[in-house]
Amino acid sequence: MRTVSARSSVALVVIVAAVLVWTSSASVAPAPAPGSEETCGTVVGALMPCLPFVQGKEKEPSKGCCSGAKRLDGETKTGPQRVHACECIQTAMKTYSDIDGKLVSEVPKHCGIVDSKLPPIDVNMDCKTLGVLHYKGN
């Protein structure tokens, strides 16, 4: 039986938060500047409940996951924040194979976050394009 390490939990939470970078919903205080240590700390605390869903262990995100996702949705709106989040996703996806990128992309939909603006993110994406582009999903 494999236990989840703190490092893998942090990476997962960063991934889920990055997905939320492109969504629009509730307004909250702005996130710290991209690259600051506080950004990942905030994400970790809010999105830890999403881990079982994005690993495919649960069919739906928990209420705690959705609550954190909605809060973080309002904290990551600028181009630089999207670039930083995308880079975090790529790093984590290269490191942890038990995170399903498709499930990460589904968190906003499952949590009722409307007007999701999520581009397809994979390890080959040029994250810097997110500083000027704002993808509007279908």
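Just so it is clear, glycine is given a Cβ too, placed from its N, Cα and C backbone atoms.
Swiss-Prot has this to say about the protein:
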- CYS40-CYS88: disulfide bond (DISULFID)
- CYS50-CYS65: disulfide bond (DISULFID)
- CYS66-CYS111: disulfide bond (DISULFID)
- CYS86-CYS127: disulfide bond (DISULFID)
- 1-36: signal peptide (SIGNAL)
Using Cα positions only, nearest of the disulfide-bonded residues to CYS66 (disulfide bond) (CYS50, CYS86, CYS88, CYS127):
CYS50
Nearest to CYS111 (disulfide bond) by Cα distance: which of the disulfide-bonded residues CYS50, CYS65, CYS88, CYS127 is it?
CYS65
C-alpha spacing of CYS50 (disulfide bond) relative to CYS127 (disulfide bond), in angstrom:
23
Which of CYS50, CYS86, CYS88, CYS111, CYS127, all disulfide-bonded residues, has a Cβ with the fewest other Cβ atoms inside 10 Å:
CYS127
Rounded to an integer, what is the Cα-Cα distance in Å between CYS88 (disulfide bond) and CYS50 (disulfide bond)?
16
Cβ atoms within 10 Å, counted per site: which of CYS65, CYS66 has the most, among these disulfide-bonded residues?
CYS65
Measuring Cα to Cα, how far is CYS65 (disulfide bond) from CYS86 (disulfide bond) in Å?
20
Distance from CYS86 (disulfide bond) back to CYS50 (disulfide bond), taken between C-alpha atoms, in Å:
18
Three-state secondary structure of CYS66 (disulfide bond) from DSSP?
helix
